[in-house]
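Participant: Dropping the structure in here first, questions after.
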Amino acid sequence: MNQEIENFIKLVKINTISGSGVSSGGYRNCAKEISNQCREIGLDTKTLELVEGKPIVVASHYGEDRNLPSLLLTGHYDVVPCDPEKWTVDPFADEKVYGRGTQDMKCCLAAYIECLRRIKGVYILSIKKIKGIGITLIPLLDEEIGGADGMGKFVETNFFRSLNVGFALDEGLASPTHQVPVYFGERAIWWIKLKATGDTGHASRYLAPNGAMEKIHRCCDRALAFREKEAKKYRNGTDIGDIITLNLTSLKAGKTSDGGLTYALNVIPSEAEAGFDIRIPPTIQDLVTFENDLKNELTKGEDGIEYILINGMKVNPSTSLDIKKNLWWERFQKTCLNLGLEIVPQIFPAATDSRFLRAKNIPCLGFTPIPNTKVLFHDHDEYLPIDVYMNSITIYLEMIKDLVNLVD
Ligand SMILES: [Zn+2]
């Protein structure tokens, strides 16, 4: 087996499921493997632990002038959990590059490292040609659980600022066709909770409409009516990245004294809660006004309803696709054209680490160059065909070479 594939498999075999990556030591083991691979090819490699047990690896190949902006190749090494009994192969086995993370997104990390190895090996003498722009690879963690301890913390460090990142590549999605999606923005993610309080008493009475249940029910009805308006656009063919999705994802109520095993069905509960996941496209830029409007729409000013924003972005800039404003995009497009790779600019339907970079006004594209591949992100039997992986290295290599030649 060739070295590129062996190195990829080494990363896949380390169990880095978010949530247990700290206690299992998987995060540290994976970071160590990545940092060994980077050191081996002569990159200036550092490991930071901004949160204990959650290492971030920074590997750089600097050019002559460190003041020039750098190209950032970023990705997460954590993976989502899996149901081993639903897999027909061991999810951390090495056959045929099956395994959790082969698409999302250890393939990208391994391909970045391989590109840097080739650049270091072959292009070392042409360092003048790349005008001193540095290349930095940063594998991060916790992306699958929000990224707050990973990219979220890292972008706030002086070390990050010292990298002077001009442009970044992060993850996209696999594509079942020859066209590869390129994500220039993503929907803002919001988690909100509505908590209703109301009169309580024996369930043989009529307390409505002041019961917590009635109140939360009315809020949910309004939320579902809002949802239906957006769902209609989706059914009429609007791309999911361009509409608001709103889903009722938790409901909690009922009088219980044993942690929810049994409920007193003859008691009107004094509290009821509903939780929602909301994704907002970047076409809505004034998120503060949007939040106020949504809050009013769902609660209609009823008494005894508390609105709680658990997690909500207040800014959500996209990366400009105007070649006059974003020369990196011009170069990106040209490289794809030269490679015969058809790209489709889109809004990412979910959230990735890219949002932390865009919030710092760093242009960033989500790009996983694995066309003609069944999309198996977060799915059972996740795998990547070896020829697709090898081709992704070729694409990334051309892309990196073109991008770092950007400044003349
Ligand atoms: Zn991912």
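Positions of Cβ are set from backbone N, Cα and C atoms, glycine also.
Per TrEMBL, active site is recorded for Asp78. Marked as active site, proton acceptor by TrEMBL: Glu143. The Zn(2+) 1 binding site annotation in TrEMBL covers His76, Asp104, Glu171. Per TrEMBL, the feature Zn(2+) 2 binding site maps to Asp104, Glu144, His378. Annotated domain 'Peptidase M20 dimerisation' per TrEMBL: 185-299, in sequence order.
Could you place the listed features in the three-dimensional structure?
Facilitator: All protein chains shown were included, and the count of other CB atoms within 10 Å of the CB of Asp78 (active site) stands at 27.
Cβ-based neighbour count (10 Å, all protein chains) for Glu143 (active site, proton acceptor) stands at 27.
Residue density at Asp104 (Zn(2+) 1 binding site): 26 other Cβ atoms are found within 10 A of its Cβ, drawing on all protein chains shown.
Note: Glu144 (Zn(2+) 2 binding site) has non-local neighbours Ser18, His76, Asp78, Val79, Val80, i.e. same-chain residues 6+ apart with C-beta under 8 A of its own C-beta.
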Participant: Could you give the Cα-Cα distance between His378 (Zn(2+) 2 binding site) and Glu171 (Zn(2+) 1 binding site), in whole Å?
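Facilitator: It is 14 Å, counting Cα to Cα.
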Participant: By Cβ count within 10 Å, point out the most packed of the binding-site residues listed: His76, His378.
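Facilitator: The residue with the densest Cβ neighbourhood is His76.
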Participant: List the same-chain residues at least 6 positions away in sequence whose Cβ sits under 8 Å from the Cβ of Glu171 (Zn(2+) 1 binding site), in sequence order, or say none.
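Facilitator: Non-local contacts for Glu171 (Zn(2+) 1 binding site): Gly75, His76, Asp104, Met105, Cys108, Thr352, Asp353, Ser354, Gly366, Phe367, Thr368.
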Participant: Ligand 1: which of the recorded positions Asp78, Asp104, His378 have a Cβ closer than 6 angstroms to it?
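Facilitator: Asp104, by Cβ distance under 6 Å.
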Participant: According to DSSP, collapsed to three classes, what secondary structure does Glu143 (active site, proton acceptor) have?
Facilitator: helix
